[in-house]
Amino acid sequence: MDISKIRNFSIIAHIDHGKSTLADRLLEYTGALTAREMQSQFLDKMDLERERGITIKAQTVRLNYTADDGNTYVLNLIDTPGHVDFTYEVSRSLAACEGGLLVVDASQGVEAQTLANVYLALDNDLEVFPVLNKIDLPAAEPERVKHEIEEIIGIDAHDAVLASAKEGIGTREILEEIVKKIPAPQGDVAAPLKALLFDSWYDQYQGVIILVRLFEGSLKKGDKIQLMSTNKAYEALKVGVFSPVMVEVPQLTAGEVGFVIAGIKDVADAKVGDTVTLLHRQCAEMLGGFKEVKPMVFSGLYPIDTAQYEQLRDALAKLKLNDSSFSFEPETSVALGFGFRCGFLGLLHMEIIQERLEREFGLDLITTAPTVVYRVHKMNGDVYSIQSANQMPELQSTEYLEEPFILAHIHVPNDYVGGVLALCEDKRGVQREIKYLTPTRVMIIYELPLNEIVLDFYDRLKSITKGYASLDYEHLEYRRSDLVRMNVLINGEVVDALSLILHRDKAYFRGRDLVSKMKELISRQMFEVAIQAAIGSKIIARETVKAMRKDVLAKCYGGDITRKRKLLEKQKEGKKRMKNVGNVELPQEAFLAILKVDDK
């Protein structure tokens, strides 16, 4: 194939700015799909992606387009996720491209994640050109948004394409711009194979399918390939492209994007960002710029029915096949039994994994409160990391604790600035700067502790700003903090699954709110139930669920007071004995209460 006729591009956009719909229009216009096969958001294969209107996994599709100059070009669209948790997926997809379409909603303007992804694209030396989407909306202000793009991102936007993916306006102009503005890939077909593995997933019939972008050389069916980070060798059983269904081709050459099926059994061997080369004719060095992704948020997942433990293990292993950024290891809890401690990139990632477990595998799960990775500095100089409150050592042997901080960029309309600043201060934030991007839009930059973000920050930010805020964050460093472990005791017994690590200043309020919430959720027993929050041996809050009372005097119509007293004493003794041996059933809502308690 003539390498000068290939264009590899991706679409960069904030959530809800119309990226997947635009991809649909490009598929339709180039004839990759007939109207009958068309379903909205074609590239979002998971139901979950379509329902939430977000793109989770990277997808690719090859489009054939005959341009105005009479030549037929091969356009490889590499669809990227737009959410902050999936930044690594975005960086891999972008590394496989030469250019990108920056899609901005003409009514909303530049949002926080648009910025983050554009900077990633510019770091990868991509040629980026702007497209203003949704120009059919009455609220669209193309001139203001063009000005915003130039001011904030610094990309020339005077000739930005005006489009409406929903109405199909501007599709041809976008395809022409792709051909004219995005450079053709460079690469020597005769050189040894050097290909970037930018996504992989597991197919139950064919094993691991890997998506590759060839930078040099060629690859055909039957070639022996090697993955350079693990040095494992495989035979390429099938090579092909997505157009948009899988189509086998005789060979892939430099500049092309396609899939390889090589009988790989484990996705952990097909690391995203790895370099694929030929076993007997290797390239000199790996492609650079890739890192192992580390989970930032941890949470315990336990089956409500303990018989589902093995099913949960299998389900997690299957999800891990498709998601190299997700980790899990077994753990046990006195209150919840056997389960797994899982690591996620962020909150959305956690919700999605959880929802997929329940939806695709039919599991009923209890989730413990999310935590982040803390560093413990012991008196003897040892330093180690902990992921849950149960791993936290006694304070006597600990010199100090450190927690991760993030740098948050929050874009909000200026009417809501006061509320957002109050929220950030409440979450122990340190203000860096406030920038007026336009007279009506403000960018607020704050340093915030990650553990304040993981619980309910995003929900509260959205409710304060009526849904208009957008948030993007990057990790800064670990900082020393006055952190304590707060335990919840039910009738004097610590419930390990409800323990939390939090800042000492917040502990009293948090404890008080949590026990009052628990009081509402725990049903009344035949005996009194004491719910306490404690730091060490000091009780900081308490609520009592009163016992149900049977009227033992009902059958005494008169008679002596001593008779009544005897019956009451007998009841009291019985309740006391019951309290010693009685167990309290904690409903699933009790564990969710931790996530939902607002720091008022």
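Just so you know, glycine gets a Cβ as well, placed from its N, Cα and C.
So that you can see what the record holds, here are the features copied from Swiss-Prot:
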type: DOMAIN; residues: 4-186; note: domain 'tr-type G'
type: BINDING; residues: ASP16, HIS17, GLY18, LYS19, SER20, THR21, ASN133, LYS134, ILE135, ASP136; note: GTP binding site
Entry from the binding-site residues list SER20, ASN133 having the most other CB atoms no farther than 10 A: ASN133
Local confidence of the prediction over the domain 'tr-type G' (4-186), expressed as mean pLDDT: 75
For SER20 (GTP binding site), the three-state class that DSSP assigns: helix
